[in-house]
Every structure is written in structure tokens, then in C-alpha cells.
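What TrEMBL says about this protein:
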{"type": "BINDING", "residues": "Thr37, Gly38, Ser39, Thr40, Asp93, Gly94, Ala95, Asp96, Lys106, Gly107, Gly108, Gly109, Lys133", "note": "substrate binding site"}
{"type": "ACT_SITE", "residues": "Glu115", "note": "active site, proton acceptor"}
Amino acid sequence: MAFAKHSGNDITRQEKQQAAAAALRWVRSGMQLGLGTGSTAAEFITLLGQAVRNGELQVEAVATSLASEKLARAVGIPLLPPRRGLRLDLTIDGADELDNQLQLIKGGGGALLREKVVATASDYLLIIADASKHVAQLGRFPLPLEVVPFALPWVLDAVADLGGAPKLRLDKTNPAEPARSDQGNLLVDCYFGALLNPPELAQQLQQIPGIVEHGLFLGLARAAVVAQADTTLVLQPGMAPASAADFTDLP
Ligand SMILES: O=C[C@H](O)[C@H](O)[C@H](O)COP(=O)(O)O
């Protein structure tokens, strides 16, 4: 499946809202949710907040970043702290890239660690995205790593040995300083080019001491809602794309 090429920030924003609105239709009162991070997840949090304030939905949620936590509070979504035994019914999150098998690259916003923790604590990970995120093969977007500051030089060497050009991410507002995750760790963006074997790369990265987490999310997403123009499709691994309108419940 391929989406036609398109451009334009307004169109992309509309598509993010469209994907978020489709996901919201599958949220039920009583659910405990995971809230993703990034501009697409923010559209979902905003819509969910409206539904909560209108009394249409009663939910509780765990946020995957301080930014999403702040937004969720602002729009009136009751928040849950992490606790033992907590399983989330559904996590809704964006992605930097997704392929047809729903392998993902995440972490462009630096939230990969909490996002993977929350996705793993969830019964269902639903990805929402505009069509620009859908690729035939992962790797156009650099792969983010969260790295313990002490280990940085050796992690950079190890990533280079694996064939990925590593680049320390800089703070957007103060480029003289490195960007920091919510945990105070560093972020490294790795340019491997097309990822021919994401599971093998994930395993290699997991073995490098000092890498707290990498942005490959493999076997975690159950479905993705991908919007382009007025088309909103549901993608599931091994299944033909279907119109989101056909699903009255989670795919
Ligand atoms: O760390 C950030 C997350 O992985 C985001 O889900 C990802 O970067 C996509 O963000 P956006 O929806 O802004 O493109």
C-alpha cells in the first residue's frame, strides 16, 4: 500500500486530527489509557480532554512525557501515577516512521523511554499518524537513542562500529547545550540509512552499555490509523488496509 505524495503543514495537521478523531471513537468510559507524546498525540489528548470535560467519557491516563502530562492536566484528563499491577487498556501514540508490519521508529520528541515503558504496560498500542510517516522501509528518519551521559563517547563509538553515523541531539532553544530527556539523559540520533534488519539492529543496540533505550518499537503496535486527505485507513500487520469508518470498536 502506498499513499500519494502530499505536502503542507495545514494538511498534515488536519490529517493528525483526523487520525486522532478516529482513535477517540474507540475509547470507552472506564478505560485506563496511555497518552503518547508529540504533535499527533497532542491532537488526541486535546480531543480526549474535550470529551472528558463534556462528560462523554470517563477515563484515567498515564502520560509518556512531562509535556503530555502538562497538556493532559490542562485539558482536564485525570492522571494516574505508575504503580505495580497497573495494566493499561489502550495507549494512543504517534510515530516518526511506521512500515506495513507496524515496526516503528519513535523518539523524535525524546520520549522513547517512557513511551516504550507505557506501550509495554498496555494491552493495546494504537498508533495515529499522518501519511507522511508511512514508509516501505524504516530508516529515512534517524534512529533516536536515550543515553546515560557518562557513557556517551563509548556509545558513539559503538554505534559508528555498527555503521550508523551518530549525532548528539542539541537543545532546540539553546543549541550550545545538548537536548535532555525527561530523565536527564542525552539523546543521540543515528543515521543508518535503510534498516534492512530492524530486529537484529535492536538486539545489537540493547547490548551496548549506556544505551538506556532505542527508538525501534517492534512487535508492540497492534494497529495504526493513518490519515491522508479525506482517507483514514487502519493498518494491521499481515492484513489489507481497511477504512477506519468500518470499525465501530478497536480494530
Ligand atoms: O518522542 C516522541 C515520540 O516518539 C513521538 O511519538 C514521535 O516523535 C512522533 O511525533 P509527532 O507526532 O510530533 O510527529
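A Cβ is built for glycine as well, from the same backbone N, Cα and C atoms used for every other residue.
Residues Thr37, Gly38, Ser39, Thr40, Asp93, Gly94, Ala95, Asp96, Lys106, Gly107, Gly108, Gly109, Lys133 make up the record's substrate site, and a Cβ search at 8 Å around their centroid adds Gly36, Ala41, Ala111, Glu115 from the same chain. Local packing around the binding-site residues Lys106, Lys133 was summarised as the count of other Cβ atoms within 10 Å of each Cβ; on this measure the leading residue is Lys106. Distance between Cα atoms for Glu115 (active site, proton acceptor) and Gly108 (substrate binding site): 12 Å, as a whole number. Most other Cβ atoms within 10 A: among the binding-site residues Thr37, Ser39, that distinction falls to Thr37. In the three-state DSSP scheme, Lys106 (substrate binding site) falls into the coil class. For the recorded positions shown (Asp93, Ala95, Gly108, Glu115), fewest C-beta neighbours within 10 angstroms: Gly108. Here substrate is bound by Thr37, Gly38, Ser39, Thr40, Asp93, Gly94, Ala95, Asp96, Lys106, Gly107, Gly108, Gly109, Lys133 per the record. The longest Cα to Cα distance in that group is 15 Å. DSSP assigns Asp93 (substrate binding site) to a strand.
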